[in-house]
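S.K.: The structure follows.
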Amino acid sequence: MDISKEDRGLLLDLLRTRGPSGDERDVTARFKPELEAVMDEVRVDPAGNLVSVLRAPEPSAEPVMAVAHMDEIAMIVKRINPDGTLRITNLGGDRPISFGQCAVDILADGECLVGVLSLGSLHRTDHSKDMADIRRDGTQWDNCFVVTGMSPEELAAAGVHPGTRVVLSVVERELIEVGELFGGHFMDDRAPMLAGLMAMRRVKERRADMTRDVYYVCSTKEEVTNAGAKYAARTLPGDQMIALEVGPVAAEYDTVLDERPILSFGDQKGLYSPGLIDDIRDAARLEDVGLQLALLKYFASDASAAVSDGLKPQTAVMCIPTQNTHGFELVHKDGFDTFARVLARTLVEGHRNA
């Protein structure tokens with residue numbers, strides 16, 4: 001089942017909202033009212049996490065937490081060059097291939113400026129050292145700069161300095177339809193954020209069946225250190241955390257781009273909990289949903305970060321299958337509802353196998 005017109009509009013809004021790691025305030029402001037319409041309590045914690053909860057009428061089991069992250073891959077200024085260009089490096093993510101040469105927004109202290117992420121002219125020979133480096137090694141962050149059209153003095157006066165965040169421009173942030181797919185930058189993790197909200201609506205409809213409180217946390221800094229989720233894992237009650245993520249589509253993982261959620265058994269940061277995984281598999285069977293079981297080796301989540309640091313003893317990750325992760329990402333239109341159904345049933349009826 002495709003998502004509603006209203007949720008389509010919300011997804012577009014989320015994709016358009018700037019949220020570099022460590023400065024997710026705009027995403028919080030956009031998503032908080034959506035949670036307040038569904039959840040019993042909503043607050044922002046000292047780590048910047050958006051924390052919400054649905055209360056069970058008479059809880060008899062420990063709370064459970066679902067977590068989706070608000071931040072996106074971005075860039076950060078290292079220095080201002082004498083010609084007014086900016087030397088930048090990545091803030092999450094891996095290589096500049098995620099963005100290409102494109103318009104960017106420079107989040108200065110007092111205003112938002114426009115720039116262009118650049119590599120220089122490509123019609124050059126190997127007599128240009130940086131061009132030779134690109135041909136030999138591929139594009140690295142050291143090859144990249146942001147053209148601002150301003151002098152160093154003008155940039156300083158506008159509040160641009162080392163540490164200023166640079167994000168993909170709003171003019172690059174659109175939602176497109178490609179057959180049965182949605183496409184756009186930052187489905188990671190705005191698509192799972194929406195699917196999580198859809199699941200919470202279902203949980204609320206089944207409040208009479210709830211035996212435990214359900215926390216839905218929208219975390220900060222997942223792309224750099226998982227700091228927000230680690231704080232939430234340490235400070236919120238319960239032993240179980242389920243990360244809501246996008247999952248890579250790849251032959252090596254035997255994952256494909258359809259509506260079936262990916263359920264990973266482990267990744268770079270740790271192994272997930274068999275009992276909680278079994279709860280999710282049971283829920284999927286009851287919903288008549290097939291899961292894509294995988295071991296996502298070159299991957300990590302808020303949940304694997306939490307379990308690797310001993311902050312939550314039982315963790316799992318559910319993923320919306322996604323092509324072009326950390327690029328112009330594609331997800332199946334039916335994946336949202338399917339994901340929400342499995343997650344909601346897990347949250348309401350789970351904890352049998354723990």
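The backbone N, Cα and C atoms fix where each Cβ goes, and this holds for glycine too.
These figures come from a predicted structure and were not determined experimentally.
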S.K.: Can you tell which of Glu34, Glu111, Glu245 TrEMBL lists as binding Zn(2+) 1 with His69, Asp188?
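M.R.: Looking at Glu34, Glu111, Glu245, the one TrEMBL places in the Zn(2+) 1 site next to His69, Asp188 is Glu245.
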S.K.: Name the one residue among Glu154, Glu223, Glu349 that TrEMBL lists for the same Zn(2+) 2 site as Asp188, His326.
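M.R.: TrEMBL names Glu223 for this Zn(2+) 2 site.
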S.K.: Return only the integer: C-alpha distance in Å from Glu223 (Zn(2+) 2 binding site) to His69 (Zn(2+) 1 binding site).
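M.R.: Distance (Cα to Cα, whole Å): 9 Å.
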S.K.: Around Glu223 (Zn(2+) 2 binding site), how many other CB atoms lie within 10 A of its CB?
M.R.: 23
S.K.: If you count Cβ atoms within 10 Å of the Cβ of His326 (Zn(2+) 2 binding site), leaving out that atom itself, what do you get?
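M.R.: Counting Cβ neighbours of His326 (Zn(2+) 2 binding site) within 10 Å gives 22.
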S.K.: What are the non-local neighbours of Glu222 (active site, proton acceptor), defined as same-chain residues 6+ apart in sequence with CB under 8 A from its CB?
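M.R.: The list for Glu222 (active site, proton acceptor) reads Ser21, His69, Asp71, Gly92, Asp189, Gly228, Ala229, Ser301, Asp302, given in order along the sequence.
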